[in-house]
């Protein structure tokens, strides 16, 4: 049962408010249909009545939507299904009673009203039923209703609820996923991770949190001690970790992985101590902690309500531990918000919990088994190491005893008594060696380290050969020896499959069983049988060994295959052995996937049966060898026997590494000698390396009989000997285990040195088993295990030296072949280096003739024309070549007919280019068509005696057709004297040359085509250049005309105009701005298309750039009452960065302009942040970051169909949305190109009708970055005192928008003591009262967001806060940057009283901090002024402060738009912070202004321009700015004026000399560039005269030309007053 943690009255109930007992039929009758668009019911047309009747009598929920207003009519089933107050919908328009369900199926409505029926199966909807928004599914249809006239009169919707089916299917899939997806868990932790992975993004279980219970054992009972958080569905970036078995598991690691738990969850610590009192949660209380203790204590599932009123389920998980069912984990599961936790939902959870419980139980068992296996494997490794060490220690002395002992026995006289003693010693040594080998081999087999190779075997023949070894023993013992072994063919017929055996393993099985049989049999005999038998539905063969010996007791039969178990018997011949023989046999049989059984009776006998399955499907595929795999190894064995002069059975079958190609060549070699003398008839010498002096001395005695021998005690000595020796050794014989440098290290050193890497190396070691494989893998040529036979050792030395000599010959031959291929490659490069076909072919014949010995080489082209086919000699190697080159040969002599030049299917002779089937026989007909055959490109044609129709003599020739793209291009022919043969190598070479020539011809053709394409590209470039020139000219003319308009409009500034006149001026100004923007966009697009626009990189103030950009759009946003919010973190935001500021500002301006353009109400949020590049450590080392900018609005949004195209040129989306909004459609295209040029990214998210979010990233170099200071207050003087006072402030921010409050708080958080944000005034007032009750410092400054709809509330709240906090409370009103905002602020300030100021939006850091730090300097003081002064003063204060914060048409506003603004500490002109504080103008101020006017009047500006309108505009602007004006219409006149001004004592036109020149660039006659150069050449006094370019061209090339010509600066048309004033101040100064 489930226990609810919430109170009973808060539990969800299935209530329904719709059941009022009234049927739909009665409701329809009660509706006044006359007042609806359908009219009275009795006047309805017949089709409507029929449809309504159908709807009311339908057994399925049905609803009608009639007419364009979608008047609703539905039946009782529809009302029952949705269970809502549907009576009110009858007769009303669906548009008036829209529900969430109606909105989600609007698209289906549209399609149905268009005449197309729609059907949706299991369509999801969210419907308000049972008091909550429920997730439901319907199978529904929307069909059009046709009227009598054929038009569409409405839509009928019929549906059937399929919620239960969908939920059951979905939940069943979850249970299946849990069942099969977590089966492979290798540990409890891994199981938890798999569970959360399977339940990731699950609709029925939204989240999962798993705690593992750590227990402690007290009094033999498990008690929960603590809970450890193991896994959640919120875990990300998991780290792969290798387990004990080497498999990877993904685990959660703090610091590397992330776990973002939602806020609506309770506290979820990583570790919970159950011994502490975490909470007192019971079944009916609410806590901030999970009620885990309650769930564990009751061992029941507990339901609890979360902070967001959703539901979660706490499920204790029980597992079987030591045979007991105990709680081992707690799984916290989320419940779907849109589904009620009903009985079916509870059953689903219980099934899921059962699956999890089973998985955790299995994983615990599997983890314990894995740990046990790991411990056993570790123990086995230690055992193997022990056996290896014992083997080495025993084998070395045994080798030194057995080898000299064998020679001593051979030298001892046969009648000597000593011979018997020596044989006894030899037999016991061999027994000891056999014991060591058996013990070690069993250990390796049991550990699975014995490598098996299962080969296709003749088991009958092999068994017969092995059984023959015991024939002499049976005669000696007097026993019967019976063999029942059929032929292999008979066995195969019975089994239909071959037997695959590891022959070494089978030998050990056979010998062990037979040895036991003979050992325990004194009378009777031994029988060996081999027969086919089917077991386990598989064919197989049985090896049966039976005897008539002592037998085995019944109770001992089950133990005989155990290790070290021995059956003692007094009647056995011997009691030797350690009891591992039969255990080894069982392991070897198991490796074959076979079976072994035994039957025995005491004093009757024993029978062992070994069954081995046929085929190879049961064997490891990598260890199976087939007949084709055995050919090379068998040949290697035969070669080994041939070279060593010994039989295969005389030595161990250790593998000899012989390459397949080498073997083929060795087979064909006839000069392999079998003696010990090498191919160079010199005596070979062997380098012996061994640290054991006895072993070294003995081996020297053996080797010196046939080879020269040099000794070394370890690897270092051996390398030193090889280094000093004038000749490398022919073979190195080295021990493995040596002090200093061992044998493996010596082998590695030899193989890494090019001079010694081909020397064969034989390793000798007492280590057996894996050591031999390791030695061969490291590059040893052979490996011999101690003790060894002296004859075997010498045979292996012989073989390896012979193989080394053969290998050297093969390497030499391969080197020669490589040189030939290299020469072909060189020819190919030379051929492809030419550009003409003729030059290519001439080079080809010359280079080929150097390699191919021939009298003449021809390349002939096949020409197919309308008249016929002829051949032309393209290249020849004859001297002089003119005799044949260019000659045309008619191919069809003697009335021959033309042939079709297509590649025919290849014949057998064509497949093998070395075949001589078409080769050296003379041709019966000596015609030209035979000489120029069109055979396949792979078929080389050869004739040794032929009358050439080209050379007109008897020749031996070889020819090959050249094909290009499956068509015949020509031939290549080579000629020799008659009867000369062509070798197979020459044929192959000729074919390769033909291929190279074909490639060269293709290459030449491609080059010619490439040249044609390049010519076309050059033509396109010229056309593009002409287009650019047209754009430049068009830009110049448009800018000149627009400049005239802008200049004329600027003349109206400061003049008194009527409202209509000022409105028309604004219209013309806005139109000129649009035209100028379009021109700039077109020019930028053209430059980006030509890739001529490059980004700059310089250091600048990023914050200043952003504030300048934002200020430009503040007034536009304020005019539309749009909230404009700039959000960034000042503490992490950099101050100075390196990038292109102009282009970055261009992109931001375009995004902001579009946002304001397409937003009529709501808000615009601009978010900025700095993020590290994802390039990991390299990016961090290079200080590379990127600026992330996101601009979101609540505007019209973008049609989804237009989103993929909005970044394209001239794309403006839906015309209905963009109509009436200016723009060229190039803005976003230019932004995309600039962002791509920077290497950043961009994107857009939009919902049609709800707004858009544009974002982009911009790469910056933050090597010079520094975070924005948390305060911009001055650090000294009185300003610093104000800063200290501000730092102790408590500030309230009241704004209904959360993003606005957060952004404003971030701007001032570092500058004040406390910041409190509130969504409404009521909350702020309550907080102020609470502070006062707690004796906390009161609020000192309040920021209100002031609008028309909350002005009265703000006024009341401000007064109330003053009553609470005191009269010293300062108030800042944040208003829109508009005329209405100005008037609103003015009226509110007058009503609130003193200590009130206004600041305009958007709120920026500099503004708000200036306001805080200088508040006491500009706030009003009512008690010190009269009423008139109060009114005038407050208005003046507000006006100055307001104009300072928003763009205006005066000079100060224009300066703010450009971002030219002095800081608080540098402001000297008027008040603090450029006009915040009102003060009377002093006499010094008037004197300073007068001095400035006199200074400007003493400076004269010469304007050189051929356009008289531009002259008038410049004159008007200069007059307003206070400068004198001179004009010139061309360059000659300008030069004369300048010369007259500077070279005569009196000026003819002005008494003031020229201080600066404004120079137009494009003038008739002498251009501005030429004029500038001419002025600079007049003398040194003209070098410092400022000359500023004045041009309508906005191209970057024009700016560069101006600077190269000697101009100082650049001004582009249209000429704006602020831009001109900046340049004049820059070059002439203020005074």
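Cβ coordinates come from backbone N, Cα and C, glycine included.
Model, not experiment: these values are computed from the prediction.
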Quiz item: For the record in TrEMBL, which of the ranges 1469-1490, 1491-1512, 1513-1534 is the region 'Disordered' one?
Solution: 1469-1490
Quiz item: How many Å lie between the Cα of residue 735 (4-aspartylphosphate) and the Cα of residue 1560 (4-aspartylphosphate)?
Solution: 95
Quiz item: How many other Cβ atoms are found within 10 Å of the Cβ atom of residue 1560 (4-aspartylphosphate), counting all protein chains shown?
Solution: 26
Self-check item: residue 735 (4-aspartylphosphate): tally of other CB atoms within 10 A of its CB
Solution: 25
Practice problem: By DSSP assignment, list the helix, strand and coil residue numbers for the domain 'Response regulatory' (1500-1628), in that order. | Solution: 61 helix, 26 strand, 42 coil
Quiz item: With DSSP helix as H/G/I and strand as E/B, how many residues of the domain 'Response regulatory' (685-801) fall in helix, strand and coil?
Solution: 51 helix, 24 strand, 42 coil
